Amino acid sequence: MNVTTEQSSPSLALVGGRLASTGEPATVLIRNGEIAELAAPGARSQADTTIDINGCLISPGFVDLCCNLREPGNGQKGNIASESRAAAHGGFTTLCASPETSPVNDSGAVTNLILDVAAKRSAVRILPIGAITRGLEGDLLSDLAGLSGAGCVAMGNGSRPVRNARVLRRCMAYAQTFGLTVMFSPENHALAADGYAHDGLVTSRLGLLGIPEVAETASVMEMLLLAEETGVRLHLSQLSCARSVEMLVEARRRGVAVTADVAMHQLLFTDEALSGFDSRYHVRPPLRSETDRQALLAGVREGVIDAITSQHLPHDSAAKQAPLAATEPGLSTIETVLSMGLMLVARGELSQQQLLRALTEGPASVIGRTARLEPQAPADLCVFDPAAVWTPSAKTLCSAGLHHPFPPRSLPSQTLPGVVRLTLCNGATAWSS
Amino acid sequence: MIQLPDVEQLLQQMEADLRQTLARRGVTDPVMVGIRTGGVWLAEQLNQRLGLSGPLGELDISFYRDDFSRLGLNPRVKPSSLPFDTEGRDIVLIDDVLMSGRTIRAAMNEIFDYGRPASIILAVLMDLGKRELPIQPDVTGQVVSMAPNQRVKLRGPAPLRLELRETSE
Amino acid sequence: MTAQDTSTTSLQLTEEGQLRHFLTLDGLDRALLTDILDTADSFIEVGERSIKKVPLLRGRTVVNLFFESSTRTRSTFELAAKRLSADVLNLDINTSATSKGESLSDTLLNLEAMASDMFVVRHSQSGAPHFIAESVTPGVAIINAGDGRHAHPTQAMLDMLTIRQHKGRFEGLKVAIVGDILHSRVARSQIRALQELGAAEVRVIAPATLLPRSVEALGCTVEYDMTRGMKDLDVVIMLRLQKERMEGALLPSEREFYRLYGLSREKLALAHPDCIVMHPGPINRGVEIESAVADGPQSVILDQVTNGIAIRMAVMSMAMGGQMADRNRQSLERKVL
């Protein structure tokens, strides 16, 4: 990559690339942290710095609705600096930080702490999600107005269930009072019980404890009915079942204000990944059947599922050093989301446009933002080479999390498509290679 | 190229020598035990020719081999069968080819796990003279010396014939 | 067989296809299962000698690593190891102290320091022996003595040996497994073994609450009604019912279970006249099976116990042999390099 500096003033031109949305060649001019101009190629730009991004695609920076930064926390599994750098490596410029931290983000003070640390150490934009119940315990409401005032963009309960439907109903009604968006991962606690894998053929064969689909679908149904009644803006996080997508379509048809996302690994893997007791693929919700995967993909293609998230959940080595049932769920994914998506594009399961929409404009709209390449928009963008390949390893990855999905044991050496060359957040370089 | 002997001639030789040996030792009621698989075929023949009335013992020495730690367990192991009480008996142990002596050591160890015999007489069809242990046959069909890359194997059960194989090493 | 199951196969078998661990019957073909049965037959003969011991594992240390206590199973493994001339160490490890994975890893590090050659592992979590096999130093054989709901491969193989002794074959046999299939590692291994060995039909008989999801996909036929399910059976295998099953609303009562799914003389009369009755033990008389049936002429339950020692001797010596062959191959390769 050739960088030529002409003057000392901070404007930047990206030349030689193509817009990921249309495939058209374009020069992007950036000034004062904003996109100043999208020009035709060859137009002589007035930029101080010019970067040649020949062969690369330019996309708005990716927006992640579900990312665990592990800060505040004890730091063993990651922190804002390490995970935001990993995010920038993955092409992300906006992260919605899960409230599942230690302490839990259930007060304005914790939100302020996160934003302070982020301002100092984060390479990308961090938007906290507030804990809708205190301590995520599912019993008492948090100070939602206070959290919102401190900067939380939505309220949720992380990966924890709100077991009591009456509490859930009140959470929604109270959030609706202030026009807040609520985000829930649907799971009926009693039906999920001690399970940790999709209740299907693989659990039957390996004798694992299953989480039946109905643990999710019963909860989706309950949430949709409560959202319809309370009028709250509901976002369903990390759907995993075909039947959930059907219910989502039906609810939207009736005019329920509901959006949804799916974790990228749910689109690429199925419960078969657990064969051989590979604890890396112990995730929650569990990887489900091929039928479910197909339905989730269709949901993304049709825009019923608005967003693809990383569900990045970094762990230290001990978390997975045990028999499967005793391991902690979660994968470190944020650096491989784009590559996984491009694998789906290569297989013809998603178009590049559908993929990028679900990584940019789709998730941004859920939290009332935009993610577009247009004049006056913040210069949050991701430049990637779709033809280049890379191999995830301790050397190439930035996350403190040690468990990423590649390579699966069935493909011991696998290179991944798509290399992020440059990530800009507010015009500043968050990642370059 | 070595000329391999005829098995029938060797059997006649063994039969005569065995009669002599048994008479010399004063053994009147021996039991015959063959080592699988070649030794069992020969033992069947000799049992008949010597006119022994008792049943025949068959040893599979897989569980006693000293190369277990190099090769693992022989997957074709069959149960040994000594259908008589060996305690205090005179045993005639038959094998086809005597080389290092390790097979005989394993076989004797196994026999002793059935009880304490009065004596063991060893009879072999061929002795290749490549002993690695202090074990000598009492009766030998023929002593043959062979090149290091040559192996001889008894084929059977009917007709019994010897086969020469050359390994590549 | 999926692509990823190959990881289990390559963990369990050497390049030459010898056993090096014995974790599951998945991925083991009919020839290898038959080798195990044949080898066990030879060990049965050893058990009839005046000295019931062979020197195969002389100088090797076998550690019985029981995270879930079971005196019976541990005793048969102990006796099997001793009859192979191994030194045996019994460790009953309190599971509450090792319910966290970190401690299990630490436990293993400590045991490896004792220069053990084989771990016989029983654990309440499915896949624990896999995890241990992946974690230990190469050269140490892992034998699964029952893990969670996953597998109990030595129990299944001793059952196969018992069936072969009585029926002489597997082809054409109709076999039913009755009772708590959902929680049973024994049933999972039996289903797999019977299918690989060529049984005509494996029928599971239980109420829906005691059947795993997609049990049909494992290749079984499902029957809720035991009186219908007993028809034409050559073998009926009863499973043990744990008392806890009444608590989680899986079953109403032992009485109702026995009435519907207990093996009584009347129900047994519906099977083939020469149908054999099996039970992995310990038996709950009057819950799974009527005493007159357990002690009756068609019961082969005591044969199962005898065969258990021979099967364990076979599997232990085969896995140790595979590890030895591996070690030998590696040292030869080092010499070549």
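Every residue gets a Cβ built from N, Cα and C, even glycine.
Cross-referencing C:Arg122, C:Arg192, C:Arg245 with the carbamoyl phosphate binding residues that TrEMBL gives (C:Arg72, C:Thr73, C:His152, C:Gln155, C:Gly281, C:Pro282) picks out C:Arg122. Averaged across the domain 'Aspartate/ornithine carbamoyltransferase carbamoyl-P binding' (C:20-165), the predicted model reaches a pLDDT of 90. The residues near the carbamoyl phosphate site, meaning same-chain residues not in C:Arg72, C:Thr73, C:Arg122, C:His152, C:Gln155, C:Gly281, C:Pro282 whose C-beta sits within 8 angstroms of the mean position of the site's C-beta atoms, are C:Ser70, C:Thr76, C:Ala145, C:Gly146, C:Val186, C:Pro280, in sequence order. A count of other CB atoms within 10 A of each Cβ picks out C:Arg122 as the most crowded of the binding-site residues C:Arg122, C:Arg185, C:Arg240. Candidate binding-site residues: C:Gly281, C:Pro282. Fewest other C-beta atoms within 10 angstroms, C:Pro282. When the binding-site residues C:Thr73, C:Gln155 are compared by the number of other C-beta atoms lying within 10 angstroms of their own C-beta, C:Thr73 comes out lowest. Among the record's carbamoyl phosphate binders, C:Arg72, C:Thr73, C:Arg122, C:His152, C:Gln155, C:Gly281, C:Pro282, no two C-alpha atoms are more than 17 Å apart, and one pair sits at exactly that spread. All protein chains included, C:His152 (carbamoyl phosphate binding site) registers 28 other Cβ atoms within 10 Å of its own Cβ. Classification of C:Arg122 (carbamoyl phosphate binding site) by DSSP places it within a strand.
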